[in-house]
Amino acid sequence: MTELRQRMAREPDAPTEDKELEAEAKADGETASDSESRVEAVTLPTSVDDTPEVLNRALSNLSSRWKNWWVRGILTLAMIAFFFIIIYLGPMVLMMIVMCVQIKCFHEIITIGYNVYHSYDLPWFRTLSWYFLLCVNYFFYGETVTDYFFTLVQREEPLRILSKYHRFISFTLYLTGFCMFVLSLVKKHYRLQFYMFGWTHVTLLIVVTQSHLVIHNLFEGMIWFIVPISCVICNDIMAYMFGFFFGRTPLIKLSPKKTWEGFIGGCFATVVFGLLLSYVMSGYRCFVCPVEYNNDTNSFTVDCEPSDLFRLQEYNIPGVIQSVIGWKTVRMYPFQIHSIALSTFASLIGPFGGFFASGFKRAFKIKDFANTIPGHGGIMDRFDCQYLMATFVNVYIASFIRGPNPSKLVQQFLTLRPDQQLHIFNMLKSHLTDKGMLTAATEDE
């Protein structure tokens, strides 16, 4: 309102509709012009040089271009080392790290909204944003616990009750937040409050849903978690390297530093890297076996008999390629063929997650989501492509890999009433007898 009055005072000859806007502002709160002027007046936090002083001193004699190259390179190696450490610590630690990354990404995106829309004036909105994050996580993680820790849930009475009414509880929690939002509406803030309500929900969709899919991929086997993430990391590094040394042709206006040379070089390097990494990891049960909960030891186990997907097979090489390399056959894991699809997506489509993030940042005139990692920006700057990759991997597994799960079927069977279990048993017995399988098994005994 104050800004609108000042503008009217500065422009005495303004059109009549400006006076109408002022009248509407008095009657209804903010107008579109008022909202836009407030957004344009926002000064977002500028990026600062948060490079460690040790690196600043060591690289002081280099040009800014090479200094940035060394800073990014050193901290990239540090992040890769940290990635190896958390993989070594096991799936439980990985899940906790995913949760921490999710919370930090949510914080970075929602903070931009606060700064842009002056949300510190909005009643309850910081509290409600985090409350909705809690509600959505309760729903998704509750579903995961029910699916993968079924026996443990059924063994503990409180968990069994929570599992049975999980969706109703989740809906009640969300409905409470929704009612709190409606009650918090203030006349002069209607528009901004609904902006932020939508902002929060889109952020939840992008961040929380994708991190939930990351955890589902992890339970399918750590190889489905490590290979896709590593392919995105490899593409990011190699595209930067090729672009740094050979880049000449701009790729997209949203990211002026991205080049066709970096894009193409990163693509080929990522496919080769995916094949090699898949070959190495497919030979270890700890990577290829699904992550399951062992009720006897109350811990996660990753021991199983590897499926055909992770057993070496011999493939005939097409005649055209035979004349070039001189080989007629090649022995490789079937998973390596799938890794080509994963690495191709990581290098061709994955970067569009980064372009999307670049467009988002340009829209609000910021360089990075935050200054968490020197030379790299915020956590969201590093994971913008990972979330898109997580969705693809989950859809890929559901479409081409995953089949019926006997253990889950048995778990559901055990929750039925005794008469229902007996009915299913008789139906199954009759079915197997008609097929001759039950008789054959009896004779073999």
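Counting begins at 1 with the first residue displayed.
In case you wondered, yes, glycine gets a Cβ from its N, Cα and C as well.
TrEMBL lists 1-39 with the feature region 'Disordered'. The annotation transmembrane segment is assigned in TrEMBL to 69-89, 95-117, 124-141, 168-186, 193-215, 221-247, 259-281, 337-357.
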Remote residues contacting the transmembrane segment (259-281) - C-beta distance under 8 A, at least 6 residues beyond either end: 223, 226-227, 230-231, 234-236, 238-244, 246-251, 287-288, 332-333, 335-336, 338-340, 342-344, 346-348, 351
Cβ-based contact of the transmembrane segment (95-117) with the transmembrane segment (193-215), 3 or more pairs under 8 Å: yes
Within-chain partners of the transmembrane segment (337-357) [C-beta distance under 8 Å, separation at least 6 from its ends]: 227-228, 231-232, 234-235, 239, 252, 254-255, 258, 263, 266-267, 270-271, 273-275, 277-278, 309, 369, 380-381, 384-389, 392-393, 396, 400-401
Beyond the flanks of the transmembrane segment (124-141) by 6 or more, those residues with Cβ under 8 Å of it: 99, 102-103, 106, 110, 114, 166-167, 169-170, 173-174, 177, 180-181, 184, 193, 196, 200-201, 204, 208-209, 212
